[in-house]
Amino acid sequence: MTSDYRRGEGRGWRRTGGDDGSVGEGIQGASAAMGGSGWIVRLASLLALGLVLSSAEASLGDADPRYRTCVKECQTTGIIGENTISHCQNKENDTSVGGSWYNQEQIYMQWKQLACTTDCRYFCMMQREGERQSLGLTPVKYHGKWPFLRISVFQLFIPLVLVDTSVNSDILRQEPLSAALSAINLLMHFAGWLSFYLLVKYKLPLRPQTKRTYYEYTSLWHIYAILSMNAWFWSSIFHTRDIDLTEKLDYSSAVALLGYSLILSLLRAFNVKDEATRVMFAAPILAFVTTHILYLNFYELDYGWNMKVCVVMAVVQLLTWAVWAGVTRHPSRLKIWTVVFGGALAMLLELYDFPPYMGYADAHSLWHASTIPLTYLWWSFIKDDAKFRTSTLIKKAK
């Protein structure tokens, strides 16, 4: 989601419900908006409290000595209880599966090692959770995630590169609900972007001389759509098969989307049209987001710090949208407020987390479900904004 509040053509905040707002009217509108938006402050306070609480909670499961011992023994023997992990067995007897310039054998062996670690973690986690349950203890997180039950149906929907069909445990996929809902979100963004593209390209008037759209933010929304679909794609893959590679791709894609959304919100807020000024606005955020992604991938995948970064960027956008809607009196401000309020409530699901019900549905999967209708409404607003802005510019040109 991005922020999209508007600044008038002059130097101050203006009402854009009509063409001729004034600075004074803009300030009065802002005051009225803030005065009638106490729910924004309360919601932001809840988000901040949740951020503190969530960052204070470590992954207790993977810090458990019994769990760590179990994983170490499993990786060595390939056996845990009644389960045999074929990825972890006979490593010294593995032979080449075909040579090539890109060293296919090395890639295959690296994949087996990743699969061995993943499967050992899963079975040790389930064993340890069974022991905890027998003692009347509540579930805990392992490596930043709740313990989920695996199912096999999702092998049909993941890329072959992520499947080793010779290994029985690979047909078991974790977090199926989150994976399916991520795929639906991807489709919703694609449908929203396609309808937006058809609108600005074929339905709205084009500039007579250049044949380009009147809407100055068309290309920025195209980039937003690409980043959104990329983020949901890797979210679906990660929730299907949780390994180090898919986890980093998922987290990196999400951070990139949030960072770009923040940039887009600022560009839209201050009505930035000049390319040089856009670069000036974007550069500091791009530098921070790039550094953060490199930190996660090559130094430490710090779940608590990443949560703080993502929540701060998201909260800034939500607050920006709420204030912008009150100040500008945008024709589609009700859609904006709905998305802002719904997005804030959905974010609370991420912060005030709870274990998966029946081993499948947790707060994170419910967050995925909540973003589906919000995505539809969001793209509806984007199209409304394109229509409104195009109409305004055409009137001014006459």
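Backbone N, Cα and C atoms are what each Cβ position is placed from, and that goes for glycine too.
Quick caveat, the model's predicted, so the values are computed rather than measured.
Quick look at what TrEMBL annotates:
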type     : residues : note
COMPBIAS : 1-18     : compositional bias 'Basic and acidic residues'
REGION   : 1-24     : region 'Disordered'
TRANSMEM : 148-167  : transmembrane segment
TRANSMEM : 179-200  : transmembrane segment
TRANSMEM : 221-239  : transmembrane segment
TRANSMEM : 251-267  : transmembrane segment
TRANSMEM : 279-299  : transmembrane segment
TRANSMEM : 305-327  : transmembrane segment
TRANSMEM : 334-352  : transmembrane segment
TRANSMEM : 364-382  : transmembrane segment
The transmembrane segment (305-327) touching the transmembrane segment (251-267) per 3+ Cβ pairs under 8 Å rule: yes
For the transmembrane segment (221-239), sequence-distant contacts whose Cβ falls under 8 Å of one of its Cβ atoms, 6 or more beyond its ends: 2, 158-159, 162, 174-176, 178-180, 182-183, 185-186, 189-190, 192-193, 196-197, 246-247, 249-250, 253-254, 256-257, 260-261, 264, 368, 382
